[in-house]
Amino acid sequence: MTEAATEEALEKKMNTVPLKMVGKDVSVYYGDKRALYDVNLNVRENTVTALIGPSGCGKSTFLRTLNRMNDTIDGCRVTGLITLDGGDIYDPAIDVVELRARVGMVFQKPNPFPKSIYENVSYGPRIHGLARTKAELDQVVEQSLQRAGLWNEVKDRLHESGTGLSGGQQQRLCIARAVAVSPEVILMDEPCSALDPIATAKVEELIHELRANFTIVIVTHSMQQAARVSQRTAMFHLGNLVEENDTDKMFTNPDDQRTQDYIMGRFG
Amino acid sequence: MSTTLLIGILLAIAAVAYTLGRMRANAVAGGKSSALHSRPNYYGAYVALAAFLPPLIVVAAWLAISPFIVNSSVRDTFPDEVKAQSPAQQSLAFGMVATIARGLPKLTEEELRAIQQDPSTLQAVFATKGVAVAAEARPYMLESAATLNGMTRTSRLALAAVAIGLSLAGAFFSLRSVAPRFRARNKVERVILWALLLASSIAILTTIGIVASMATEALHFFTMVPAHEFFFGTVWDPRFAGAGATSSGQFGLIPLLAGTLYIGFVAMLVAVPVGLFAAIYMAEYATPRMRSLAKPLLEVLAGIPTIVYGFFALVTVGPFLRDLSAQLNGLATGNYANFIQAQSVITAGIVMGIMLIPYVSSLSDDIITAVPRALRDGSLGLGATRSETIKRVILPAALPGIVGALLMTASRAIGETMIVVLAAGVAARMQINPFEPMTTVTVKIVNQLTGDLEFTSPQTLVAFALGITLFCITLALNIYALYIVRKYREQYE
């Protein structure tokens, strides 16, 4: 097969994956300052989409629009259309709490609550009423910790404080906490930037496994990480979406010169 | 030469020394200030300090010590018959000498001669000059007074000479030591460090002094009244001192402590929910505009003097509650008798609670806003509402700090005086009806120390025992609160 044919086949394969979230002409303003310029970006189901770009390029801002975490920032305004399974998430009729239960989030710095490991994981299921009995709740907690690859490390100390874990374990606890709510999409904002290489490898492995059940959008500063974990990559620069492409193509033969330059380390 | 004038001269020398120091620093640097170790200002400051500080210390020491030397030498001039008298009488005699010494410079030559011939007229002559002499003067007193004046004058002149000489010498030698490699900045900063240390040690020493003075007086009290009768006595009935009573009355702490804690409890019942809710609103819901407006307004409450709250309780809240209770009683039973007294536990408690609201809200607000944003985002990101986030994440995380803040507030409630003096009444009773008057430790301290007092009777000294008890309680509360707050801070670091 020629290179062009391979590409075409890949493109076709990707194009058959249904779209989970769609962003159309998304712009974000912080007060008078514009942070995003008409971004059109789709998130495909059961795919890991990586958002890359230099600091301050708007990738985290875009990520936070997907579950309306920007609402908590004073003076932040979003225009354009973002849909989840075809429904506008900025529709006034939408309950933002319900949206965030469907689109979970993992933050840059591990932020376990100062409660026990068990309480951390059961927090979401409790407020959303996902478990009716203690046994069901126990099961949700165990399942979530297993999915986050943390169960074997913490099963004997579920009632110790979550803040006593190591950094990598804390971040996986936060992932377990997000998974416990059974979201459809998980947003990750540089989840490994505060972790050492070994903990990073574990989290990346986890992202691979989670892809089977969840749609994942991850912001990362590490090009290698984007290449390792994602199937689609979007490159942001100065608030604009420069290029969105299959990860393989993006890192071997990007369409845009700026992407090439950034990946080669010429700026950023 | 007066001390003020002397200090003024020293300051002037220091100012000149500063300018000279700068000039010399610039001169030795040859116009290149980078050649100097420190900025020229530091050299100036160093020279000024060398010219000012040593003489200042000498002046302070001289002023502290010289009166003792002068006094004892003047006493040596007293006739032997006076020296044979008791120390108290000698002191009395010296007091008169000192008064005469003060009056002597106001006399004219003739008046002085007249008095020297007939000392019995001294009292009358001095009175016309505005100097009151306690008793008839004796001839030796005039001589002693003259000696006293002479010695004081000599002492002052000597002090001025020594201080100015020292100042000039300091300026001269420090000016000579100005050189490019001389580390003036380090020396000046060292002096500043000592000044800071001195300031902080003054605060600590004052605390120790207060405790020591209270403790000695309290010890006096405990020699007259056994400690167990004070700490465990259930009756507060101090008779008037010297009213011919054979017993000195009973000094039971328990009723006062009960009143203090009861009123404090009612106050906290008012202040904690209101203050905490206000803090939650301010920290979590208020828009920045609202917050910038409401927070200072709320804190105005903290700036009102407590005596004003006392008025408020006395003329507004107390009568209002009394009338309200009469109306309620009338509606319920037809008998328009009030069941809330104007002065009562509830009046004092409510008004004190209002006073405490800003403390609770301000302290809690700081603690709630100190909870990291990451925790808030984490909870919101899981689909929790704001209210769930506050209830389940923020308040639990802030709880130790809030408990610390509440303990600090409680210690304020226990130590509060003016509101309870006006609003709680003075009846030292043990009862549980919040509508009746009770009294507190602070009220009784005020009562026992008001009026003509002799500081040897247990009726007066008991105030110090009460004071030190109160001090220990609030100190313990504060230390415990600080301990909790500090422990809580470490969680996020």
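Heads up, the Cβ atoms here are built off N, Cα and C, so glycines get one too.
Here is what TrEMBL says about this protein:
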- B:257-481: domain 'ABC transmembrane type-1' (DOMAIN)
- B:43-65: transmembrane segment (TRANSMEM)
- B:157-179: transmembrane segment (TRANSMEM)
- B:191-211: transmembrane segment (TRANSMEM)
- B:256-280: transmembrane segment (TRANSMEM)
- B:300-320: transmembrane segment (TRANSMEM)
- B:340-360: transmembrane segment (TRANSMEM)
- B:393-414: transmembrane segment (TRANSMEM)
- B:461-485: transmembrane segment (TRANSMEM)
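Beyond the ends of the transmembrane segment (B:340-360), by six or more residues, the same chain brings 259, 262-272, 274-276, 278-279, 298-302, 304, 306, 309-310, 312-313, 317-319, 321-322, 324-325, 405-406, 408-409, 412-413, 416, 419-420, 423-425, 433-438 to within a C-beta distance below 8 angstroms of the stretch. Within the chain, the transmembrane segment (B:191-211) has long-range Cβ neighbours (under 8 A, six or more residues past its boundaries) at 49, 53, 468, 471.
Here the transmembrane segment (B:393-414) has long-range neighbours at 260-261, 263-264, 267-268, 271-272, 275-276, 280, 284, 352, 356, 359-360, 363-364, 367-368, 370-371, 375-376, 378-379, 384, 441, 470, 473-474, 477-478, 480-482, 484-485, 487-489, 491, meaning same-chain residues at least 6 beyond its ends whose C-beta is under 8 angstroms from one of its own.
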